[in-house]
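Residues or ranges marked as region 'Disordered' by Swiss-Prot: 1-122, 143-172. As annotated by Swiss-Prot, region 'Required for nucleolar localization' applies to 1-17. Under the heading compositional bias 'Basic residues', Swiss-Prot lists 1-15. The annotation compositional bias 'Acidic residues' is assigned in Swiss-Prot to 67-77. Summarising the annotation, Swiss-Prot assigns compositional bias 'Pro residues' to 78-87, 113-122. Positions annotated as region '6 X 3 AA tandem repeats of A-T-P' by Swiss-Prot: 155-172. The feature compositional bias 'Low complexity' is assigned by Swiss-Prot to 158-172. According to Swiss-Prot, the region 'Binding to PP1CA' annotation covers 172-185, on the basis of similarity to another entry. Swiss-Prot lists 172-185 with the feature region 'Interaction with host PPP1CA'. Here Swiss-Prot flags 187-245 as region 'Important for interferon resistance'. Residues annotated as motif 'Bipartite nuclear localization signal' in Swiss-Prot, with similarity to another entry given as evidence: 197-215. Here Swiss-Prot flags 215-230 as region 'Interaction with host EIF2S1/EIF-2ALPHA', drawing on similarity to another entry.
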Amino acid sequence: MARRRRRHRGPRRPRPPGPTGAVPTAQSQVTSTPNSEPVVRSAPAAGGPPPSCSLLLRQWLHVPESASDDDDDDDWPDSPPPEPAPEARPTAAAPRPRSPPPGAGPGGGANPSHPPSRPFRLPPRLALRLRVTAEHLARLRLRRAGGEGAPKPPATPATPATPATPATPATPARVRFSPHVRVRHLVVWASAARLARRGSWARERADRARFRRRVAEAEAVIGPCLGPEARARALARGAGPANSV
């Protein structure tokens with residue numbers, strides 16, 4: 001017979017509170033009857049929960065502090081400081097007193113014990129960049145505003161006006177093209193870079209042409225040796241007495 005596995009139960013749920021207006025305290029006790037809602041019954045005040053309460057109910061009960069316990073916060077070193085009274089708290093309307101600067105004395109004058117603080121200065125490069133940026137932004141604002149107040153170019157000294165003569169016309173002459181045009185054909189040799197730009201078919205065509213040229217040169221040299229006269233001479237040389245068996 002198989003052993004029945006024991007089912008694990010979680011923590012028990014707390015019981016529902018009593019009727020409205022009745023809260024379990026140290027001076028009350030929750031009792032329940034079968035088939036009825038829990039009833040809160042008052043109990044005499046005591047220093048702790050009644051002994052008949054369960055552990056779960058003791059956690060829910062509120063035990064008021066006794067007047068005999070004099071726990072002072074000064075006994076605990078890690079206790080937070082006590083909150084100030086409402087009158088001592090600074091309000092938003094009341095201005096806070098400003099602390100004097102480190103170089104100032106109690107009366108507002110210079111304190112001889114503290115040396116005077118140096119004025120804050122930017123690095124040279126950062127100051128130059130900020131100045132150039134500010135000038136650029138100012139020019140942009142003037143340009144967007146319509147050019148009002150834009151810096152004007154320096155005025156050139158006035159030159160005396162020369163009277164117009166018939167030899168020098170007032171209007172500039174236009175460009176005129178000659179009716180005689182010469183066309184010169186320039187010969188440009190195809191380089192390796194140009195062949196590479198044209199593609200592989202151009203290189204293959206050049207290789208085929210070079211191969212045909214070399215074959216023609218070889219035929220011009222070897223052709224006479226393969227004719228009938230050359231064959232007859234070769235056979236006569238080979239049939240001599242020195243080569244006979």
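The backbone N, Cα and C atoms fix where each Cβ goes, glycine too.
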Excluding the flanking five residues on each side, which residues at least 6 beyond the ends of the motif 'Bipartite nuclear localization signal' (197-215) place their CB within less than 8 Å of a CB in that stretch?
-> none
Other than its close neighbours in sequence, what residues sit by the region 'Interaction with host PPP1CA' (172-185), given a CB gap under 8 Å and a spacing of at least six beyond its ends?
-> none
Determine how many residues of the region 'Interaction with host PPP1CA' (172-185) DSSP places in helix, in strand and in coil.
-> 0 helix, 0 strand, 14 coil
Counts by DSSP class (helix H/G/I, strand E/B, coil) across the region 'Interaction with host EIF2S1/EIF-2ALPHA' (215-230) = 15 helix, 0 strand, 1 coil
